[in-house]
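All remarks here apply to the structure that follows.
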There are 4 protein chains.
Amino acid sequence: MAHEVRNRLSELRRDFHRHPEPGWREFRTTARVVEELERIGVDEIAVGREVLATDERMAVPDASELEPWRERARQAGVRSDVLERTADGNTGVVAVVEEGEGPCVGVRVDLDAISMRESTEDDHRPAAAGFRSEHDGYMHACGHDAHLAIALGTIEAVKDGDFEGTLKVFFQPAEEISGGGKAMAEGGYLDDVDYLLALHVGLGHPTGEFVAGVEKPLAMAHVTATFEGASAHAGKAPNEGGNAMQAAATAIQNAYAIPRHSDGMTRVNVGSIEGGTASNVIAEEITIEAEVRGETTGLMEYMRTELERVLYAAAEMHDCDVTPRVVSESPRVDSHPALRDLIGNVAWGVPGVDRVVPATDFGASEDVTYLMQRVQDNNGLASYVLIGTDHPTSHHTPTFDIDEESLDIGVAVLSETAIELARRRP
Amino acid sequence: MAHEVRNRLSELRRDFHRHPEPGWREFRTTARVVEELERIGVDEIAVGREVLATDERMAVPDASELEPWRERARQAGVRSDVLERTADGNTGVVAVVEEGEGPCVGVRVDLDAISMRESTEDDHRPAAAGFRSEHDGYMHACGHDAHLAIALGTIEAVKDGDFEGTLKVFFQPAEEISGGGKAMAEGGYLDDVDYLLALHVGLGHPTGEFVAGVEKPLAMAHVTATFEGASAHAGKAPNEGGNAMQAAATAIQNAYAIPRHSDGMTRVNVGSIEGGTASNVIAEEITIEAEVRGETTGLMEYMRTELERVLYAAAEMHDCDVTPRVVSESPRVDSHPALRDLIGNVAWGVPGVDRVVPATDFGASEDVTYLMQRVQDNNGLASYVLIGTDHPTSHHTPTFDIDEESLDIGVAVLSETAIELARRRP
Amino acid sequence: MAHEVRNRLSELRRDFHRHPEPGWREFRTTARVVEELERIGVDEIAVGREVLATDERMAVPDASELEPWRERARQAGVRSDVLERTADGNTGVVAVVEEGEGPCVGVRVDLDAISMRESTEDDHRPAAAGFRSEHDGYMHACGHDAHLAIALGTIEAVKDGDFEGTLKVFFQPAEEISGGGKAMAEGGYLDDVDYLLALHVGLGHPTGEFVAGVEKPLAMAHVTATFEGASAHAGKAPNEGGNAMQAAATAIQNAYAIPRHSDGMTRVNVGSIEGGTASNVIAEEITIEAEVRGETTGLMEYMRTELERVLYAAAEMHDCDVTPRVVSESPRVDSHPALRDLIGNVAWGVPGVDRVVPATDFGASEDVTYLMQRVQDNNGLASYVLIGTDHPTSHHTPTFDIDEESLDIGVAVLSETAIELARRRP
Amino acid sequence: MAHEVRNRLSELRRDFHRHPEPGWREFRTTARVVEELERIGVDEIAVGREVLATDERMAVPDASELEPWRERARQAGVRSDVLERTADGNTGVVAVVEEGEGPCVGVRVDLDAISMRESTEDDHRPAAAGFRSEHDGYMHACGHDAHLAIALGTIEAVKDGDFEGTLKVFFQPAEEISGGGKAMAEGGYLDDVDYLLALHVGLGHPTGEFVAGVEKPLAMAHVTATFEGASAHAGKAPNEGGNAMQAAATAIQNAYAIPRHSDGMTRVNVGSIEGGTASNVIAEEITIEAEVRGETTGLMEYMRTELERVLYAAAEMHDCDVTPRVVSESPRVDSHPALRDLIGNVAWGVPGVDRVVPATDFGASEDVTYLMQRVQDNNGLASYVLIGTDHPTSHHTPTFDIDEESLDIGVAVLSETAIELARRRP
């Protein structure tokens, strides 16, 4: 039966892999999850606006970017009821399984892919085996396709198992752009969750290894800013207008020079820039994409405040305007040690798991922290676990792939953990 | 007859106006000029490679940018012999009229348009009168369409007039990007020119005003540079790779801070920038478009040398590479006072001219200076004249237009001047 | 007799040379001038506050810097009445000679020296001939000692000559720091001056050459600014306080990057900096000395305004305070062409003058422009003349010296000019 | 007896307090220690060059700064034999006590004071009680005077106690400028030390508290750099020479912008700057004092390498020279956990100690790490302990003082620890 399950999980994962969709545009992915849930038969399937605090969504593209994906989904045969419920980029699903009295256990996975052209090389298995991305320029290069398969498998396993309580699985949109975490955390379905399990595959851990709890994700804010000055002829009127190029250069230099903080690690980066029209025109408009991070939420906020001060002063210096906009944000929340220990103990008994790492530092950012925060604020416990999988190349590369063996290991650990947690009274 | 001429000149100008083509892509424009010259009947029509020192062309786009324009020209019915002679972006024409013994008088005009979307407003005459640009996103917003009409009219007028000598009219490509001047200056046809008349309409001078000689164009160099570093994850590995964003910001700040020079005016501008991929990735590649100018060629060279020093040191500082590339360049050459005076005297007698300005400062740059330099190096005389024309808005704006009255004033001044020059032995 | 005069002029000049005093501290110099005027016998000798609009003095040092010089002067035997009249750094003298009805002719010279250690080399004549500076670290390295001798000689020559009118000689303090011009211009004595002759020796012009009028001095403002932040331990609390070092660095970079101006030449310099205490302390206070110049007063004001904007924004960016202070300032005023021509004509006839240059560009700044402006505002005429003198090395170098032959040439040109001007009715 | 001891310790401490000497100039302090050691009667007193690897000394002032202090010491009656042995700034002492077979226990204290004017306020006990600094502008504001008293007291207590083994006390010069640690570490006397105890009073820990081992001192390098360009007149020749001011500003901005490192904490600071002469002169020379730190020695080296790259590139950019010089440096070395535990246990039994902190993070830098490294490289153990003392204001402030109660607590803990360590075989 394990073989059969794995086949089904592999098929599911490959179907998701073939149809990657970027954040807030996971129309087909949402529909596919719904279909699968209907097939499994769960007690409640909530979609889109029903599961999101819509106004808390971050980094939502405008209609011109949403519509082509929605249209593509429509033409691919996606059901109109799902398309309606996900209108305006309100993607996402929550599945609820009720199995009597007991605690509420949550599982969180993510729906979105990234913009990257998948490899066509023969030694890239998705290409060789025929499940390479069919959406050119987009790819499941981070393993969210595997997360979806594991989540769906877990629901089945829990239903089949000796579980007493409620299972809620959160299929969150827009993780890659830190856009969906907050909206889902505040969407209502999380409010009665006692234990939250978030998961990720790989991240350097091989198949058979399992990390019971991730610590020290960096809190993060993604900030965009457009300097607006006034253009003028660089030869005839160099003194007129406001030079957005000089404002941006001053801001960038000083952004990297924001002082280190005694309380811990910080980060700052200006990752992209664009603007100006021609070499002989004073640049009127320059846009930068920046981010700041901190070992704690407070440190991230220190960096964001300082970055904003730098941006405003640089604009002022060159007679320009600027309005920094926080596109998305995620706090730092650590896995709870008690839950981590419990999960680690369960994992030891799961076939296929040959090494359990109690905890590991993260070093990157994840907006699941919004959900973890919410649960812990409500006196629940949360842990972010890593399911090892052999991956030939790094996440976010065109030849990323996973070892499908890890799919049912993931299902086993998660379902066993859920069952074990249900046994305990919160 | 004047009326008839003007009608023809207007028609010609409007035809050019409807079909703007950017630098080195003036395939249709070249062909249209050739056709007109054949109609007029001149002694020699040289095209493309025949009139250019091909290797001296600057700012030539690559094939992927040239071909769509060539294809468009082909589909618009441009003759295949002209398309062949202008292959690889070798646009441009020289017309030769030989009328017996006498000096060789040259006239230089320019073929290209700029990339700008022309206004569709009702009070913009080209829109109202139906000769708005048919090449969307491109526009004759500097008056080169008028220059072409004046040049063709001048050939006819000289042939009809009492001219003894040789007239050569240079239809230069790629003036706006300072790309064609050097190649045409060294193309051979200029070598026996005794007097060179370059012309521009407008520039703030109203219809009826005439400037006999422009002085102090700024020498100019357009420099592009791509900083190449190495990307890395901004959260996990901020210290790895080389940050092209920091290199560019440092370079921009220091470029504007290149010291003023005691010998005279200088200019520097970084007009556009683009690069980087996402806020969480250290930028691997940033490209800037810059320019420097100087009141003399030496001052421009001082600025170019200093700019290059800044670029290299900024790259070095941030462990990046950079290779500045001089895309195009033009020296400073002033109109010759003796020729200026002679032209001014002729202009006084031309109907429609009600004010003659002996000389004016230019403040901008023009690659006709390459041709002027060449002529003066050969002991000839050159002057850059301005033919006043009422223009509702500035050059290089979407509502630029000219007063077509000025077309036959231009023809009259130029042809009278040519005839007067031919009377004198050089 | 010429020989005798020269001897006296040389002696006078050498006495001043031995006792250099910096701006607003010319206590002994003022007294020595007064003595000499008493010896000559003039109609009025006004000193200190009597000749200055005290509140308009700029760059006045505080008492702790004034007193040691005053004390030194007292100990050197300077008369207490002069010391009293020059209290609080109110140095300066105006001498008035009244010789009947006629126009009022003014001559302006300067009293102060610079802080520089004079050469002790044998080939430096002041050292070899025993009149090297006796005030160590200070030196008449600009020729003001010669100016004083020429002015005193001119008074004698005018009194001896055929002069009808009033002669006023202005011995201005604090020229080197642009501190005294405005106060003397508004001190009252200038108000009835019809013609003002300002003078300088050398500036690259050899003995025998004479420049009748200097043009295009650059308008100038000297600005000082102290950034005040808050210090903190650089290891333990790098994020605390405000980093005045970063503020200053940002300000300096952007000061040099203030855009060039289409109306003409500008200049900017940050010439000195000092601040901070130790490598492991965030700098609390950094002081910079800067200047801006412009080809016109308007251009200088453009630069000063932009500099101030840069300073404030840089402080803001790094959470510091800054209060820029304009220490001193001088406008651009050109020599009047009519007066220039007249002086040139007189100079042609003066023995020892073998070349007269009608006008020359200045390229530097001088606060005599305040006096020239005042005179021309009152419908008088002013010219700034240069009296050639061979000087072995540049002004403001430790081996600067003059050719004393030029002293009586200076006296002759100035006195002849005064006499000639008196002949004309204004 | 304790009372008597404390009186003696207080007297000693106050004598040192009255005669503060900065790094490498501790001529009198060295002599006073020698005298005291002679009084106590130890087995060996090694001084100056005998205890230092002279060439490894860092941040040694030149003769002009050393001599006045040496002269002052001579005039204060310091013995000529000590002055000779400490010639050229080779200060420092090692005392050896041999008490039979047993391990070699080292204790390290520091001799130098800082440049700071001590408070004269009545509520500053040293002022009120008459032992304020007699060397104006210098002060024992960090507690080294207490360290010296504790060390001398410890020698006596060990001799009086039940100690079998060797005690070596290292009186290190130039700790404040991180100048003496390396030279003493490599001076030979440390090579057979089995246990090294370094100590500091205060640092926020009150009297009665004791920290058994400091961890995570930041590795540090103090770097000085002088930018050398060429001066020129800012008005007349702004383009000439090389502008050291611009080079320094560019360097400072980019120094703070050296990327954070994924391996841990880093620090950078430019703490002081000085240079240039006047606002109207292009600055020829600017000197900065900078430092970098890192959580590990490797991170400090990363920062130092990057800082040097920035300095060189900034100089290159502005046509200047620069030669960064590492004035001093200290690695990161942590207290050994085993030794820490043992000391903690001893401390619990010492009267006056009412709280033992096992370990604490340091956050600053100390060049004792060179000695600790040396001992641990030789398979010895080292710990850096903190002896609590109430101090009214922070270290390095003009009103810093200690609670002299802590002196004999320090003596007790150290001597008991030495005796206990001697009991164990290494």
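Using N, Cα and C of the backbone, Cβ positions are placed for all residues, glycine too.
In TrEMBL, annotation is done automatically, which means it is predicted and not curated.
Going through B:Glu118, B:Glu176, B:Glu420 against TrEMBL, the one listed in the Mn(2+) site together with B:Cys142, B:His144, B:His200, B:His396 turns out to be B:Glu176. In three-state terms derived from DSSP, B:His200 (Mn(2+) binding site) belongs to an extended strand segment. With the fewest other Cβ atoms inside 10 Å of its Cβ, the least crowded of the binding-site residues B:His144, B:His200, B:His396 in this structure is B:His396. Broken down with DSSP, the domain 'Peptidase M20 dimerisation' (B:220-312) shows 29 helix, 36 strand, 28 coil. Following the DSSP three-state reduction, the secondary structure of B:His144 (Mn(2+) binding site) is helix.
Around B:Cys142 (Mn(2+) binding site), the C-beta neighbours below 8 angstroms that are at least 6 residues distant in the chain are B:Ala113, B:Ile114, B:Glu176, B:His395, B:His396, B:Phe400. Mean pLDDT of the predicted structure over the domain 'Peptidase M20 dimerisation' (B:220-312): 93. Surrounding the centroid of the Cβ atoms of B:Cys142, B:His144, B:Glu176, B:His200, B:His396, where the record places Mn(2+), the chain contributes additional residues within 8 Å, namely B:Asp110, B:Asp112, B:Ala113, B:Ile114, B:His140, B:Ala141, B:Gly143, B:Glu175, B:His395.
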